[in-house]
Amino acid sequence: MTMITDSLAVVLQRRDWENPGVTQLNRLAAHPPFASWRNSEEARTNRPSQQLRSLNGEWQFVWFPAPEAVPESWLECDLPDADTVVVPSNWQMHGYDAPIYTNVTYPITVNPPFVPTENPTGCYSLTFNVDESWLQEGQTRIIFDGVNSAFHLWCNGRWVGYGQDSRLLSEFDLSAFLRAGENRLAVMVLRWSDGSYLEDQDMWRMSGIFRDVSLLHKPTTQISDFHVATLFNDDFSRAVLEAEVQMYGELRDELRVTVSLWQGETQVASGTAPFGGEIIDERGGYADRVTLGLNVENPKLWSAEIPNIYRAVVELHTADGTLIEAEACDVGFREVRIENGLLLLNGKPLLIRGVNRHEHHPLHGQVMDEQTMVQDILLMKQNNFNAVRCSHYPNHPLWYTLCDRYGLYVVDEANIETHGMVPMNRLTDDPRWLPAMSERVTRMVQRDRNHPSVIIWSLGNESGHGANHDALYRWIKSVDPSRPVQYEGGGADTSATDIICPMYARVDEDQPFPAVPKWSIKKWLSLPGEMRPLILCEYAHAMGNSLGGFAKYWQAFRQYPRLQGGFVWDLVDQSLIKYDENGNPWSAYGGDFGDTPNDRQFCMNGLVFADRTPHPALTEAKHQQQFFQFRLSGRTIEVTSEYLFHHSDNELLHWTVALDGKPLASGEVPLDVAPQGKQVIELPELPRLESTGQLWLTVHVVQPNATAWSEAGHISAWQQWRLAENLSVTLPSAPHAIPQLTTSETDFCIELDNKRWQFNRQSGFLSQMWIGDKKQLLTPLRDQFTRAPLDNDIGVSEATRIDPNAWVERWKAAGHYQAEAALLQCTADTLADAVLITTVHAWQHQGKTLFISRKTYRIDGSGQMAITVDVEVASDTPHPARIGLTCQLAQVAERVNWLGLGPQENYPDRLTAACFDRWDLPLSDMYTPYVFPSENGLRCGTRELNYGPHQWRGDFQFNISRYSQQQLMETSHRHLLHAEEGTWLNIDGFHMGIGGDDSWSPSVSAEFQLSAGRYHYQLVWCQK
């Protein structure tokens, strides 16, 4: 029977979820993950513990619009209309309530600590049995690894406790509540709590029991906490594993602790001691604690490059050796410190190749499983990332174990963000909110501090800078002086951070915002008195078709030692799968669930799609972050390793010399490069060239053998150099046949053999081509100066809030999208060996000329049409997105073949990873399926393009697909695109960069803007 004090009415009256001073009731203290092995060998080998039982699976569930709607009877028995849901899960992914995507704006009315009366409430219940032996002795705990956002727990009708902080565990002692036979849990989860004001991260707002639930049985006398640290001499040849162990229960003289250190099957060191430690103050020391030090000679050091893992087993036993219980953790011998303005790992300065990562799955919301976690780690390792920031909350506990073992440096971040407050530090400078903030920081440290992968603590994200931050910074530095602390809020260089950690600071451009100026990263280093390292906590906003200018950051990182890298925003698009009326899946973003407020597609900033398929930008990141750098001098290649600890032992350098994509010579050389060392490779003499073209040398570093994170044949680095400037685009000598010109009132028509070209005299455009009786064009060949806007072009502009500074708004206001061609000249001349068409167009909007385009088309007896284009840009119009030509071809061919940069999509400010070669891909692969459609699929540096019966030659950029720029511009989601008739071809003489320093302000560097007043390009169009 439910007691009065346990009743739902009492809980509702207290309203713990609207009291920042109440963050938990009856919750146990935080500690590292426990398993309570009763066999030390099982602890050493990390076998499943018989004392740890998962409660994941099917639970009964009922959703209510508010906690007051929950009937009291639910505490005792399931309701008749209960459904079944799987735990862990977000209830929004099961059709209850709607997920809300918002970045800054709170999804609730801002009135802390109060939340809406209509507060969606999920009521979970589970019936289970426990082992009889668990009831006879010891302590049985229930562990919730993550519940969003707050919950009350009952067991067998009796109230157990309360917890909040969605991203850290809540653990309760169930011993007094369990009974023999059947037991029933009831968990009331509230969508909103006062904790929601500290959880205003840029992500989907979801609810429920979304991480694992488990039971743990501990002995009455037990290990209650343990902490390991590694200490070194100056040259890292000797180490001490320092283990501090705390117990709970009856403190008996016969109790002992043994800590043993293992490397595989080999015991490296061991030590035993009774409880009781050093004197702390005049009252003595801790009787329930003991610290042991194990000496280790020549430890194998841990790093992301070589993640050597030991295993520490902590045994609580009696003096005669009878084991009471054992706990264990992985150990990595490594040292992190900041010295002389540099972040050092094991004495070496790190270069952080980092990425931010939200816990996100397109089908499961914020539920992470081991397969997805491993998939993400493999993606990072294979693409030369060595670090991850847990943005913006502590991750699933398993994540850290996997990072330890695969090798990633981790920034562990507290679940604190108050981005929507005005000012942002309104709560973080308020002492009433210090207890809530404190629990989120201190419990993170207590849970995760044994992980070697965690090299930096973060106090949270975008919460201004308040006195609470200063207090928590000092707490961490006192409790764990072995790691630096970072925090970006309040200007990225406050007293609460050991690292200057700005977000979206640019390489050379200052952003002098009031109170919190964002200096260029180069300038920041030179500020008076500033000696901290700089690591960007967020940079290179990878939203849609982005990451332009990424190479500029890496040039700076390699030039200035104290610029120690950064974390790209971010890894994974946060789109969610919805289904149409026919059951077909499609990718949804903010607003697609009827969610308000929402920030539309701003949730999709990933280097990979939500299903982990890579964006083309991922290849650029991989190339810029590669650990081998190359320098060519004559026939000598100098290979420099940026590895700090890895001596190349599984790398071959493959080299190829090719002329217009045709290999002339190749070879391979084993790499034997010491960490931070060099190797010089001499190439043989090249064969004599007997034809013209572009000569390129390409090198790839290939791993012949599989590793823990890559398959055999993995390419880790590459570089390419052009060896000769001998491209010839001159036309062949005059042919024997002469094309025939026919003039009518409406057209100029040129005929040659079975080919015809028709120019409309009223429009001045090439209106049709024939090969035999087959028409080749569905639309005329026209100038093109616009592109379907990128996310970076749109910025923060939207229908209800126009940003006049956004590129797309500037183009719209100037009339670029609405411009119409006025024909100024259209003439035809018969030459000795060719026909020459000359046209001049003025592209105008509302009587104003924006562009003047002068073109000549020279059709000779070989059937080649040489097109020369000269464009004048009005001085007072915005720089255009592109200067090129477009038409709709009648054919739909299966494949596209080109000689140029590829194979992936590339743009003028994102092409360092692309290689010059002859590429051949299916037409469908020339389109990049960004969830929010935009300009995509460009290939730069093209010398030859072949599609169907057509060939284009010159020096141009192109994209080709079934979708017009107009359709891409007008369509909100990729699944709504329809393949149009024929194929759309865009050939650009010049294309503006895409930017990517951020996505809310113009970020295309000046050198990649089309700022000149005149442009000239030419190409040849012929039929094969």
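Backbone N, Cα and C atoms are what each Cβ position is placed from, and that goes for glycine too.
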According to Swiss-Prot, N103, D202, E462, E538, Y539, A540, H541, N605 bind substrate; which of W1000, W1021 is also listed for that site?
W1000
Around the Na(+) site formed by D202, F602, N605, which additional residues qualify by having Cβ within 8 Å of the site's Cβ center?
N103, M543, W569, D570, Q574, D599, C603, M604
If you rank the recorded sites H358, H392 by how many other Cβ atoms lie within 10 Å of their Cβ, the lowest count goes to H358
Cα-Cα distance linking H392 (site 'Transition state stabilizer') and E538 (active site, nucleophile), given in Å to the nearest integer:
11
Tally every other Cβ atom lying within 10 Å of the Cβ atom of F602 (Na(+) binding site).
22
Just to be sure I understand the packing, how many Cβ atoms besides its own are within 10 Å of the Cβ of N605 (Na(+) binding site)?
25
Spatially, which candidate from the recorded positions H392, E462, F602, N605 is nearest to H358 (site 'Transition state stabilizer'), comparing Cα atoms?
H392
